[in-house]
Each structure stands twice: as C-alpha cells, then as structure tokens.
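Novice: According to TrEMBL:
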REPEAT    18-109  repeat 'Solcar'
REPEAT    134-217  repeat 'Solcar'
REPEAT    229-314  repeat 'Solcar'
C-alpha cells in the first residue's frame, strides 16, 4: 500500500476514533448533569420502596414523600438528600455514556439493513436530528439490547447505589461497601439483575420507539426553524417517551429495589419477592414510588437527550458532516 493510502487509512481510523469518543463524552455529560440534579428523587424513591408498605397504608402517598424528605433533612441536612450521589455517578456517568454511544453505533449498523431501516420518505431530517433512523422494530430491539448489556456490566454499582440510598445500611465509604458486597460472592454483585433486565429492556425499547416516533410527528407538524426549536422538540419527545416507558415498567423497579436491599428470606429471589409484595400490598404495592420515578425519568430524559442531541447537532453543523 502506498504512503498516501496508508495516511488516508490512518486518517479515517483516527477520525472514526474521535467520533466514537465524542459520543462517549456527550453521553457522560448527559449522565453527569441528570444524576447531580435529580439524585434526591432517587433517594426518596428508594426509601419509599424499601419498606413493606406500612407507612404508605397509614398516610397518604404525598405525605409519605414529604415525611421522608423532612426526616432526611432533619438528620443529615439538605446534603442528606444527595446521599448516594457518588455510586450514582459511578453507575450513571459511564452507564449513560456507554448506553448512548452503543445505541447510536448499533442503530447506525442496523440502519444499513433493509429489515430495520426506515423508509426514505419517512426518514427525512425535518426533525433536525442527526441520529440514525430505524423502524419501530429496529428501535425497540436496539434500545432493549443495548440497555440490558450495559445494565449487566454496571449491576454491581446499581446494588451499591440502592444500598447507599437506603437507610438500612451504614457503609462508611464506597470502597467498604464494595468490599462488603464482594465478600458475599459474585451472586451478591448481580443481585436483582433479572428484575433490572425485565425493567430496562422494555423501558429502553419503548423509550426509543416513542421518542423517535413522537419526535418525527412533532417535527412534521411543526418543523424546527432554529436550534432552540429543535431542542424543544427533543425535550418534549423525550419527556413523553420517558413517561410512557416508566409507567409500563415500574413494577419491576419496585421488585429490583426490594431484592437488592432486603435480606429477609421472603425477598430472596424474583418470584418470592413478587409473591411477598402481592400478599402484603396487592397490586398497589407494585407502584410504590411511581410518582418519584416518573418525575425523575421525565426530567432526566428531557435533560439528557436535549444535551446529547443538541451538542451532537452543534458539532455536526459546525465541524463535520460526517459525525
């Protein structure tokens, strides 16, 4: 191969590597911003879900949330609402970066297939998005597959995050928590992964389907005329998709939290936990903390995807038509 050919090949490789890590940085920034802003929602949700529901039966759900918030602030100050932020960052920053980057790469690959590519007349960039366009089936598969794979890799941090947010554990530090859980064996590090997968796969799949579909329809009715208009479309689409996907998958979030936090025999295992919740709380028990998770997901989706898509569009328009 000639020197010119080698230089060209090297340039293409370096550029592809740059684009890859550019997506990683955008995803990390998105995860960082949403985690720091919305950690109190996660902490209070975990506290609501960790119990057997006796407090919810005695008080209205809204007052339970307020009481937990006051209790945390009274004992630890306002900073107490951000307890568990470090493990959340260790899970969410690389998690969101890996998820968004892998999702984009997988969708780019799937877009080359006639089975998953969106018809040309439907895939116009009227919505000002630079992300790959897929059919609903393609978006469903891409979102679910990517989310479960990333969830498996980061499940140990998910366990630590849940226990830090709970008041049933008093780990002195993150390293001590990791050491304590590791000593109990690999199964403890992946505790709750089945429930997490049954939550994350349909959540991510439904989210991508509704996000892309809503974005496409809104942009068709109200074409973006500026970057701020495009950001509003992305925000509304992500918030709507987050709401639908959250409500559809919330029961598995309740199960996951109890499996990862509670050590009693009645919460030992996926099916046993389902039975315990049903006996003690009935159907309502599977929706404990739903308003908190819904609020967090709607906000995090709106913030995260606006940050990701807006910066991606900015770089695309300013520097390279190949991003």
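Glycine residues also receive a Cβ, built from the backbone N, Cα and C atoms like all the rest.
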Novice: Which residue counts does DSSP yield for the repeat 'Solcar' (18-109) in the helix, strand and coil classes, in that order?
Specialist: 84 helix, 0 strand, 8 coil
Novice: Over the span of the repeat 'Solcar' (134-217), count residues by DSSP class, listing helix, strand and coil in order.
Specialist: 69 helix, 1 strand, 14 coil
Novice: Per DSSP, what is the residue count of the repeat 'Solcar' (229-314) in each of helix, strand and coil?
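Specialist: Once the DSSP states are binned, the repeat 'Solcar' (229-314) shows 79 helix, 0 strand, 7 coil.
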